[in-house]
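Scroll down for the structure; my scribbles are underneath it.
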């Protein structure tokens, strides 16, 4: 009973004074909890110091590599740099005259003005070159002659026709005279070969069109004629299938005593009959099939 009472009192105490996690439990026991944030900051600062020292060490210039046989020899460039250098004209070498900058600035301003003037003058010349002429005023233009001259167009047309007839007659006479002067070629009066070839081509096209129309007229309604190439290809495929099925049937046992073998043989024989019927159809010269 005493032990049970003690446990009840500890539960009530825990309820009245709850512990804030593991750190609160440590504080309650009198222990100081570990400050992880402070430790992290310390470790970060230590890492920063290490990196800084590492960079400083790397930044220190290493001794330049020299071959062993040249370690004792001094550098000529270093010797020249260490010597005192006095220019020939030390007064005017590194210094400008008094007012030189102003002179240069004034020269630059004058150059800019000259360039602007040149650009302006070129623009004016271009504008004058492509500028349209001014429209004349009403008073400056002469009055238009609105009176029409009466012409006899019948007489003009008649004279024009007479001139054309006379000209054609002169051309025919000149051609006749020229024809009498030279011998006629061998092909004179004959139809050119390209015209004959063209006529033969037209005739073939016409015959082909008539043949196609005749085939269409012979074709029953709702059917279409199978092309010759498709008919031959289908026939060859049927013959190949027939040989395969016949070979399969021949390889089967003579006595089919099981149900599965009997069904398979009957199925192959039906398929063979269908192929033979199709071969009879596609062996005809004309084969018609239903339109799609």
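Glycine residues also receive a Cβ, built from the backbone N, Cα and C atoms like all the rest.
The feature coiled coil is assigned by TrEMBL to 258-285.
Annotation source TrEMBL lists compositional bias 'Polar residues' at 32-42.
If you look up TrEMBL, you'll see 43-57 (among others) marked as compositional bias 'Basic and acidic residues'.
Look at TrEMBL and you will find 130-140 (among others) tagged as compositional bias 'Basic and acidic residues'.
Positions annotated as compositional bias 'Basic and acidic residues' by TrEMBL: 207-219 (among others). Remote same-chain residues near the compositional bias 'Basic and acidic residues' (207-219) are listed as 225, 286, 288 (criterion: CB distance under 8 Å, separation of at least six residues from the stretch ends).
Per TrEMBL, domain 'Enkurin' is recorded for 198-290.
Taken from TrEMBL, the feature region 'Disordered' applies to 1-57 (among others).
According to TrEMBL, the feature region 'Disordered' maps to 130-152 (among others).
According to TrEMBL, the region 'Disordered' annotation covers 207-227 (among others). DSSP places the residues of the region 'Disordered' (207-227) in helix, strand and coil in these numbers: 12 helix, 3 strand, 6 coil.
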DSSP residue counts for the compositional bias 'Polar residues' (32-42), split into helix, strand and coil: 7 helix, 0 strand, 4 coil
